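Presented below is the structure to which this report refers.
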Amino acid sequence: MKPVFCGNFEYDARESDLERLFRKYGKVERVDMKAGFAFVYMEDERDAEDAIRALDRFEYGRTGRRLRVEWTKNDRGGAGRSGGSRRSSSGLRPSKTLFVINFDAQNTRTRDLERHFEPYGKIVNVRIRRNFAFIQYEAQEDATRALDATNSSKLMDKVISVEYAVKDDDSRGNGYSPERRRDRSPDRRRRSPSPYRRERGSPDYGRGASPVAHKRERTSPDYGRGRRSPSPYKRARLSPDYKRDDRRRERVASPENGAVRNRSPRKGRGESRSPPPYEKRRESRSPPPYEKRRESRSPPPYEKRRERSRSRSKSSPENGQVESPGQIMEVEAGRGYDGADSPIRESPSRSPPAEE
């Protein structure tokens with residue numbers, strides 16, 4: 001009897017679902033379920049041919065997946081095959097672990113498999129994974145004897161399929177052994193660290209993992225400067241021609257300028273300002289209000305008189321000072337008045353001479 005390969009169905013599909021699907025075309029002897037595919041054994045090959053023609057590329061399941069149904073490429077043998085023919089057809093090396101499929105996954109327990117395989121040798125471990133199981137024997141001869149006796153036998157009204165596992169458990173540690181996790185963990189500890197971990201553990205990772213190196217970098221005089229040139233204010237202070245005159249010290253000590261001078265150039269404020277700040281204030285400071293009033297309004301008569309007197313007294317030490325109107329009157333009274341003649345004084349001098 002040649003099995004029919006059926007694949008591409010949903011992973012949650014059950015053996016009873018496939019059996020019900022193929023039963024429409026003939027009698028189904030058994031279904032060997034795998035992960036994602038199955039082998040369907042039908043009693044008559046002509047019925048199997050009909051099933052292949054009808055079900056290949058057939059949309060099946062909730063998602064409408066297209067089935068792949070065809071003859072198996074290698075003849076897996078019939079129900080009356082022996083263990084020797086089974087091993088020769090599969091080409092697997094004998095091992096201590098047997099691979100069991102096609103049992104009732106919903107109702108079969110570990111104890112049921114132990115009772116079925118115990119008569120042929122001492123069992124080390126039994127593990128069930130969804131719809132397949134692994135039976136591990138203590139000796140390889142016991143596993144061979146169990147395979148010859150239990151393959152195509154009935155377990156809880158199901159015809160099971162038994163074959164050798166791909167690798168031997170205790171020598172290979174391939175995952176079929178119950179010691180899988182204990183075998184893998186020491187290997188992981190002995191394994192060399194990954195390049196990512198080596199990179200993170202190295203002192204050159206990122207900006208430096210060592211706090212000492214970080215402190216050494218911060219205390220360096222070049223830390224944080226990069227390629228930026230010093231601010232104009234710093235260049236003026238570092239210049240040998242920088243002078244600390246008395247007026248500058250007085251302005252720095254004044255409470256008005258202290259708030260501006262205390263701004264740190266490291267915060268980016270001093271770099272955009274022209275050096276030094278107090279010079280800009282001197283140039284940009286507007287004259288006092290009384291000067292604006294004096295410039296905007298027309299000068300009074302005594303200012304005109306003062307301008308004339310200023311041209312004569314440029315050599316005087318008082319030249320350039322702002323004089324009050326009272327001072328101007330005192331000066332004019334002391335040195336003689338050269339302004340416009342008073343009509344009272346001019347009347348006797350401009351009167352026509354008396355006729356003799």
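Each residue, glycine too, has its Cβ placed from N, Cα and C.
In Swiss-Prot this protein carries:
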- 2-74: domain 'RRM 1' (DOMAIN)
- 73-92: region 'Disordered' (REGION)
- 96-167: domain 'RRM 2' (DOMAIN)
- 168-186: compositional bias 'Basic and acidic residues' (COMPBIAS)
- 168-356: region 'Disordered' (REGION)
- SER192: phosphoserine (MOD_RES)
- SER194: phosphoserine (MOD_RES)
- SER210: phosphoserine (MOD_RES)
- 238-253: compositional bias 'Basic and acidic residues' (COMPBIAS)
- SER239: phosphoserine (MOD_RES)
- SER254: phosphoserine (MOD_RES)
- 267-307: region '4 X 12 AA tandem repeats of [KE]-[GK]-R -[GR]-E-S-R-S-P-P-P-Y' (REGION)
- 267-278: repeat '1' (REPEAT)
- 268-306: compositional bias 'Basic and acidic residues' (COMPBIAS)
- SER274: phosphoserine (MOD_RES)
- 291-302: repeat '3' (REPEAT)
- 303-307: repeat '4' (REPEAT)
- SER309: phosphoserine (MOD_RES)
- SER324: phosphoserine (MOD_RES)
- SER342: phosphoserine (MOD_RES)
- SER347: phosphoserine (MOD_RES)
- SER351: phosphoserine (MOD_RES)
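Taking DSSP states H, G and I as helix and E and B as strand, the domain 'RRM 2' (96-167) has 22 helix, 26 strand, 24 coil. When pLDDT values are averaged over the domain 'RRM 1' (2-74), the model yields 87.
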